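Straight from Swiss-Prot, the features:
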ACT_SITE  Ser91  active site, acyl-ester intermediate
ACT_SITE  Glu187  active site, proton acceptor
BINDING   Lys253, Ser254, Gly255  substrate binding site
SIGNAL    1-27  signal peptide
Amino acid sequence: MILKNKRMLKIGICVGILGLSITSLEAFTGESLQVEAKEKTGQVKHKNQATHKEFSQLEKKFDARLGVYAIDTGTNQTISYRPNERFAFASTYKALAAGVLLQQNSIDSLNEVITYTKEDLVDYSPVTEKHVDTGMKLGEIAEAAVRSSDNTAGNILFNKIGGPKGYEKALRHMGDRITMSNRFETELNEAIPGDIRDTSTAKAIATNLKAFTVGNALPAEKRKILTEWMKGNATGDKLIRAGIPTDWVVGDKSGAGSYGTRNDIAVVWPPNSAPIIVLISSKDEKEAIYNDQLIAEATKVIVKGS
């Protein structure tokens, strides 16, 4: 999609120069461009309708509610489905909280050793549980939260940025008026339908992730640290990564919760581009089992539609 747009840009520039040089062709050129614009608008509309239908079919296939928001940062074109509906964000917050941590602290501060006790450990803490006696560097804790989805590391991140409300406040300063952050791990994963605590929308998360990874929310050196943590994610191989071409680079953060909640947020680098992809799915039954294949297949729809 990026390369096509670049070619169209070159064609448009050439046509514009030709119109300035040969005024006798002005009316013809203008009419041609108007027709071309209408045709392209129709093509985009048709493509959006097609992807919308495919997402709807995936919902039926997997008995799930799906939220999608993808931004092509080279063209600002988007693909979306239920972009403004709320979903429990689950562990995806860890990537954004790491971004807030980097925003509020110097790189040198990542070497600060943080100590914690056995009582601080919560369920699923595969990294922090090994270092109770010695503590861990702040940067190592952030990396454990993002790469391994370590829940105790996630709580320590929260504590370093003012708790869930401190996290929410930081996002408000970035323009996010949607995300609600209320609880620590592991309660934030309850994902009860209709409960707006610890929820956001696909569009809001995509906008925040774009700001942290390719935007100006962080200076370049800190952006690199965050994206390297995300590229090393060990929990997302069956999600967005499974739905893209093998020569694309992915940095992602997955999440899971009750009611069949399964999320994955990612920044994806195809050759010559850096689009942002956000997928969030949620089932309505508490005992529902999430299906990673839903995320992978939804990603394929995005790739095909881009």
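Heads up, the Cβ atoms here are built off N, Cα and C, so glycines get one too.
Cα to Cα, Glu187 (active site, proton acceptor) and Ser91 (active site, acyl-ester intermediate) are separated by 11 Å.
The secondary structure of Gly255 (substrate binding site), as reduced to three states from DSSP, is extended strand.
Rounded to a whole number, the distance between the Cα atoms of the residue listed as 'active site, acyl-ester intermediate' and Ser254 (substrate binding site) is 6 Å.
A Cβ within 8 Å of the Cβ centre of Lys253, Ser254, Gly255, the residues given for substrate, is found for these other residues of the same chain: Ala90, Ser91, Thr92, Lys94, Ala95, Ser149, Asn233, Thr235, Gly236, Leu239, Asp252, Ala256, Asn263, Asp264, Ile265. Listed recorded positions: Glu187, Lys253, Ser254; maximum Cβ neighbour count within 10 Å falls on Lys253. Sequence-distant neighbours of Ser91 (active site, acyl-ester intermediate): residues of the same chain at least 6 apart with a C-beta under 8 Å from its C-beta are Ser149, Asn151, Gly154, Asn189, Lys253, Ser254, Gly255, Ala256, Asn263.
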